[in-house]
Ligand SMILES: Nc1ncnc2c1ncn2[C@@H]1O[C@H](COP(=O)(O)OP(=O)(O)OP(=O)(O)O)[C@@H](O)[C@H]1O
């Protein structure tokens, strides 16, 4: 598909400050131009009397601009472009602490301060809901490049579909190593960060220079991952974050120079449309992310067919190698209970049966206790009446002068004793049955939750998750930031449990309840 070259859009965002250096930084009213004056010779790090002045022309200068306006000006068109089949990349670059994360993610304190990523997600799902005549499949992944190590992969499909991916990238801080004064592990990290960013700068330089034939994309994970966003098929936006204070002017100038070079980089956005000669429909897409960023994959068509075709399909994928559109959840749930989830479903059923038997017993015991209590009250009353009457008639005594119990009174006393015994026993049993019932209820709830969780995982794996997410789940232990979103961790947890039902059953012996009750 033919496409026209378009330059990367570059915005400058200034971190708000009470000490804004008006004398050296000037934002022109067109909101696109930034003038910087400085007496400092940044190369030699010394002051001189000569006044240096630079003018930076950008696509926008965001000075005291809210998160909402920032999203509208910087990100909205890129996000909506994804619905037309265009890839998009939004990335933040700049000095440590200049506001990259604030711009991309936002501040957790208030909803109003949420950044581009949550707003983009919201917009994506709102659009998906509104475009009722289309069917979408949305994939989200989160990757971190840490010391040049990255989880990876990509899925392609061969059916007809429109795909697009949004890369939302929070680059590492561009603070110079010498300035951070870091040591040890921090220094190692800083070295990798600097290496990554300096490769990025080299790529930008090469891309901005039309005489250069080779662009060193492969030098680092970061530039390799951003290849599409920088020289290829992508609507790319850079937000360069700077400080407004005079003390940071050196880094600010360096960021502004990088931003200006970036403006010269051309990309060729085009609609990602693919045609399958066999299947008239459309398919899945993948998201891809870079240095601490999100990747959002969108697939869109008026008729959805999803095909998880991966070089190393997971078991769930193998089972469903070529499936039609995801089945309705209710239907899939029935299948799941009969096959993959049959064991947990069996346990759930058995636990439910035990719960219902225990609950019935509790009801019976309650009746027994109440009836016994009524009898007790009645016999107590009878005995009291009998004794009062006896009192008024005078007392029988034996030949030895001992008080004598009449037969009727003796019978009442015996009945009372037996009723008290029965009451005590029933109450004991009631208490332990009550404990069992609440324990059984807990087990049933646990089983139900696990059945649903495992079903969700299986459904996502089989019909929704992109293979790159699955490949992360399949390799090695999870590390914070390495694993895509919370879902992945949930999946890993539930997989481990479901893979070892025996180990779970091993806990049976620890309880006095019937074995089936302690399965979870
Ligand atoms: N536009 C803004 N409005 C309000 N607060 C901001 C803004 N930009 C940055 N901040 C605040 O400045 C601090 C540093 O910002 P942030 O963490 O986003 O910097 P960073 O560039 O991501 O730093 P690093 O390179 O260390 O990750 C945060 O407390 C953030 O809330």
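Note that the numbers count up from 1, one per residue, in the order the chain is shown.
Any Cβ shown, glycine's included, is placed from N, Cα and C.
TrEMBL: automatically predicted annotations, no manual curation.
Range with TrEMBL annotation region 'Disordered', chosen from 234-267, 268-301, 302-335, is 302-335. Of the listed segments 467-493, 494-520, TrEMBL assigns region 'Disordered' to 494-520. The local packing around residue 98 (ATP binding site), expressed as other Cβ atoms within 10 Å of its Cβ over all shown chains, amounts to 26. Cβ neighbour counts within 10 Å, taken over all protein chains shown, single out 95 as the most crowded of the binding-site residues 95, 96, 101. Look at residue 100 (ATP binding site): DSSP puts it in a helix. The domain 'Kinesin motor' (7-149): residue composition by secondary structure is 40 helix, 56 strand, 47 coil, according to DSSP. When Cβ neighbours within 10 Å are tallied across all protein chains shown, the highest count among the binding-site residues 94, 99 belongs to 94.
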